[in-house]
Structure formats: structure tokens, C-alpha cells
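Undergrad: One structure follows; several queries about it will come next.
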Amino acid sequence: MTLLSEDQSVRPQACRLPEPGKHISTSLHQHTTDYTGSKEDYMDSVDSAVFGAVEPPRRSRGRLILHGLVMFGREFCYAVEAAFVTPVLLSVGLPRSMYSLVWLISPILGFLLQPIIGSASDYCRSTWGRRRPYILALGILMLLGITLFLNGDAVISALVSDRSLKRIWAIVVVMVGVVLFDFAADFIDGPIKAYLFDVCSHQDKERGLHYHALLTGLGGAFGYLVGAMDWGHSVMGQLLGSEYQVIYFFSAFTWGIFLTVHLFSIPEQPLGKDPSASDPSPPSALRLLGSNSNGYGALAKEPVSPVVPASVPDLRPRSFSALGEANSVTSSAKQPNKEAQKKMNFRSLMKAVINMPSHYRCLCVSHLFGWTAFLCNMLFFTDFMGQIVYKGNPYADHNSTAYATYERGVEVGCWGLCINAVSSALYSYVQRVLLPYIGLKGLYFMGYFVFGMGTSLIGLFPNIIATLVLCSVFGVMSSTLYTIPFNLIAEYQREEEEQIKLRGSNETPRGTGVDCAALTCMVQLAQIIVGAGLGALVNVAGSVIVVVLSASTMSLFGCIFIALFIRYVE
């Protein structure tokens, strides 16, 4: 088992033997009685120890791919939701002025509960591990949500005969399904990432994230592809009742299989499991070397026992992952050990965001601009294709030509979103080529600018071919939002650590957990803004073309903000 220091770059050193003449206790009683220093003094000595962490074993490529398949299933279902949520809501009779409000409930819940649930997973003591119980629970909620979302109208139609009552119940059931699915799908990403970082070595984390990104893009592409097919006239459509039931079958089957594979891909060690607890022999450097008392990446909550001499370095596992901390929204493992570990709540998260350095705060604001622009476009793009490009009517009778035309526009919109998923995967490789020439800030600016210009052209010239071609710019923005801000945080952290080393200071580097958590909260805040404002904007304008123009406007504002306020890094 490889031992790495906290910065993952220092080779492990040999255990230092005591100097001749120094007495070493040989019993637990002597350890606890001879050591008279306080617990705080002991914890201080830990920070200066050579061994900072115990590295998990290396994982095979097959294991990492099996672990990442859950991202394929999640993104597949996400693509189905993004493509059909607005058409489904409008088809059950939801007024146009209210259809964006469905996006408000889930992000508000997430904004308030994410720190609490994320912190709870850090302290979960299930025998199955810390992360997998939460992944399973959220996965079941996702399945329940997509079931109500895609089948709610059919179920209510079969149970309720009164037309007005049927419309009300159909809207309620579909909205509950959308909120449940969106809530669970947003939350599940954190435990999945934390699970990966808990059980993988430093090198395997990078490989695992690569497979996650690749399978995410493939899942989105296949999800939009399934939505683009005309299942209504197929054999499966006639057998299951409608195209929505066919899409539900593919979604539920894909999610159920890949979630199960993910949960059994890599064993997870429970928190608090101590394989050496039954061994009464005294602790030693070699014994501590082989123990994983808190599991990989665990943050110990219970008192440390037994107390060991200050000369023996602490080899408790530490948290390797900044992203793991961010997605779980926990306080960073790099905080001074004198401070008690506290579960993060909404209030402490907001306090940390307000007190963060200005360049981090500017990064959060630019991230908010970007996600607001991106969600304006993505959440309503298929509806835009059906109403503006194809000139269909979602409120027409389901057997009318106008409604059939609208459905055709939605299907073609799914093809456009499939192009977006593919271009996002391809652009991630283009970024590597461009990075040495224009840097992170240049890539950040370019992603916003390309998206803003592309969406403005789509809004001004809503032509079928031109719109499908310009869907590739959505992928540029998607890849930018998922990579560049977090890379900038990593660079800011590296600069601060180098400055601390140059000053020769012993101060603790700023933890990345809260910074990344703040970026994640900007996504939910963007959803709240879009949900609260876009429906009213569409109602005032009288046309859904305003959603694309709003996306373009927000993106170009983001460009200006990046140029003026985002700090450049080499």
C-alpha cells in the first residue's frame, strides 16, 4: 500500500527509530500514563508528521468503468427530462406563465438541504459504507420521479373520468415527479464523486474522473437519441401505449441496471471500522501503517484512542479529495486539528462564501452568469424548436396536426441536444490543445462568447438547419462550465500554497471544499433565477423566443465580467 503526503508529491520516508537510551513503552497502560501532553498537543504533532495519509489500492480499468456507468445512466435520464419536461407539462395543460416554476422547488430544496445531507453522508456509519446508502436512496427517488413524470398523465387518465379534475391531478402528479427526479439527480452526483475519491488512489481518481466525463457525454447523447426517435408508431409504442411509455422503459431499465452495477463495482469500507480493534497489542508505527480505522477519506469524529507517543507519526487516513469535499459540502480536511470537526449547515456555508477572497467570489458570480445562460437555453430548447422553429402548438388537441407538428419539433430538438452532448465531449479535448496558447481565462471567455453568439443567431434566425448546426456551441459552453472554474480554483489554491512556502509560514492552506461547494450552489441559484423569472418573461413577450435571447444576453454579460474581474493565472 502506497503512502503519500498530503500534497501527493512527497515520497514516503522511513519510520524514524527512537534515539538510543530513550524508553519506549510496551503496554497500552504505559502509553496512556507516560504521555502527559494534552490531546491538542498530540493533534498538533500529527500535522507535522511525515505520513499524512494511507493510499487506497490501485483499481483496474474495468472496475473504474463499472463505477462510472452510473454517470451514463444518470445523464441518460437527465437528457430525457431536459428534452421532455416542458412538452409534457404543457401537454397536460400547465399554463405557459407557470411552466418555469416547476424548476424552482428542487433547487430551493437543494440550496437549503445540500450542506446538511452532504455532511450527513460523511458521518454515516452503515455497514455498507458512507456513500452507497445515500446513492441507493437517491437512485430510488430518481426512479420514482421519472415514473411519475412520464406516466402520470396516462395513470390519471385511466383513473379519473372528469375532464377538469383529470387536468388538475395530471399537472400535480407530473410536477411532483419532475421535482422528485430533479432533486435526487442533483444530489446524487455528490455522493458518487465522494465514493470514487474514498476508494481510489490519486492516480485512479484522475482516471476515474476521465471515465465519468466520457460516460456522462455518451449517456446524454444516447438519452437525446432515444428522445429523437418516433416511438409512437413503432411496435413498442403500440405495445406499451405511447412514446412516453417507451422512453420510460428505456430510462428505467438503463438506470436500474447501471445503478446496481455501480453499487457493487468497488467495495467501500464503513466509517469507524477498525480491523485492529480486537488486537490488544500496543500500537506501533507498523501497526498504524496497516490500519484504516476510519475508512478511506474518513474524518474521525470520535475521540482518538489509544493515545500514542508524540514521536510516532499519525497514519490515520485523511481526505485526499478537494472535489469529494466539495460535493459532500463538508468542512475541509485541511482545517487545523485544534478545531473540532463540525457538520456544515446552510448558515456556515453562507458565512464562508461571504468571507472568501474576492477572486473566489468573482469566480462564483461569473459561474452564476454562465449557468443562468445555459439553463435558460437548455431547459426550454425542445419547446423552442416545437413552437418557434416548427410553429407547432402544445395546447392543441393531441390528435391535431398542430400538436403533431409540435411533437416533431421536440424530436428534432432532441437531435440538437444530442449534437450538444457529442460536441461537449469533443471540445474537452480541444481545450487541452488551446490551453497553452490562451490560458484558463482565455478558454473561460471563449466558451461564454461562442455560446452567446450562437444562441443570438438561433434566436434571430430560427431556421431548422442553422439551429441544428449551432447546437454544437451548447457543448462548448457545457464543457467550459464543468471544467474551467474548478481548474481556476485549483490554480488559485496552488498559488496560495506556494506563497505560504515562500514566506516560511506554518499557516494552514485554504481548504477547497467550501470554494467548490459555493460553485455548486451557483448552479442551484441559477435554476431558482430561471424558474422565477423566465416564465413571467415569456408571458410578457408572448413568445418562447425570449428564452434563447435571454441566454445570449446573460452569456455576453458573463463575457464582460470575466474580462474585467476574473484573475488571470499562468
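Placement of Cβ uses the backbone N, Cα and C atoms for every residue, glycine included.
Annotations for this protein, taken from TrEMBL, read as follows:
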COMPBIAS  1-11  compositional bias 'Polar residues'
COMPBIAS  24-36  compositional bias 'Polar residues'
REGION    1-36  region 'Disordered'
TRANSMEM  97-113  transmembrane segment
TRANSMEM  134-156  transmembrane segment
TRANSMEM  168-188  transmembrane segment
TRANSMEM  209-226  transmembrane segment
TRANSMEM  246-266  transmembrane segment
TRANSMEM  368-390  transmembrane segment
TRANSMEM  410-430  transmembrane segment
TRANSMEM  442-461  transmembrane segment
TRANSMEM  467-490  transmembrane segment
TRANSMEM  511-538  transmembrane segment
TRANSMEM  544-566  transmembrane segment
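Structural setting of the listed features?
TA: Counting same-chain residues at least six beyond the ends of the transmembrane segment (97-113), those with a Cβ under 8 angstroms from any Cβ of the stretch are 85-86, 89-90, 175, 178-179, 182-183, 186-187, 346, 375, 379-380, 521, 523-525, 527-528, 530-536, 538-539.
Outside the transmembrane segment (134-156), and at least 6 residues removed from its termini, the chain residues within Cβ reach (under 8 Å) are 70, 74, 77, 80-81, 84-85, 88, 91-92, 117, 120-121, 124, 166, 169-170, 173-174, 176-185, 187-188, 191-192, 195, 241-242, 244-245, 247-248, 251-252, 255-256, 259, 262-263.
Residues 74, 77-78, 81, 85, 88-89, 92-94, 102-103, 105-107, 109-110, 114, 117, 134-135, 138-139, 141-142, 144-150, 152-153, 155-157, 160, 524 of the same chain, all 6+ positions outside the transmembrane segment (168-188), place their C-beta atoms under 8 angstroms from a C-beta of that stretch.
Packing against the transmembrane segment (246-266) from elsewhere in the chain are residues 59, 63, 66-70, 72-74, 76-77, 80, 84, 132, 135-136, 139, 142-143, 146-147, 150-151, 192, 195, 199-200, 223, 226-227, 231, 234, 236-237, 240: each is 6 or more residues past its ends and has a CB under 8 Å from a CB in it.
For the transmembrane segment (368-390), the residues of the chain that approach it from at least six positions outside its boundaries are 82-87, 90, 100, 103, 405-410, 412-414, 416-417, 420, 447-448, 451-452, 455, 462-464, 467, 474, 477-478, 480-481, 522-523, 525-527, 529-530, 534, 543-545, 547-548, 550-555, 557-558, 561, judged by C-beta separation under 8 angstroms.
Residues 75, 79, 82-84, 87, 213-214, 217-218, 220-221, 224-225, 227-230, 378, 381-386, 389-390, 464, 467-468, 471-476, 478-479, 483 of the same chain lie 6 or more positions beyond the ends of the transmembrane segment (410-430) yet place their CB under 8 Å from a CB of it.
Panel annotation: around the transmembrane segment (442-461), residues 366, 369-370, 373-374, 377, 431, 434-435, 467, 470, 472-474, 476-477, 479-481, 484-485, 488, 545, 548-549, 551-553, 555-556, 558-559, 562-563, 566 of the same chain, lying at least six beyond its termini, place a Cβ under 8 Å from a Cβ of the stretch.
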Undergrad: Which residues of the same chain, at least 6 past either end of the transmembrane segment (467-490), have a Cβ under 8 Å from a Cβ in it?
TA: 213, 322-323, 360, 363, 366-367, 370-371, 373-374, 377-378, 381, 385, 389, 412, 415-417, 419-428, 431, 440-441, 443-444, 446-448, 450-451, 453-455, 457-458, 512, 515-516, 519, 555, 566, 569
Undergrad: Under 8 Å between C-beta atoms and at least six residues away from its ends: which parts of the chain pack against the transmembrane segment (209-226)?
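TA: Sequence-remote neighbours of the transmembrane segment (209-226) are 64-65, 67-69, 71-80, 83, 193, 196, 247, 250-251, 323, 414-415, 417-418, 420-422, 424-425, 428, 482.
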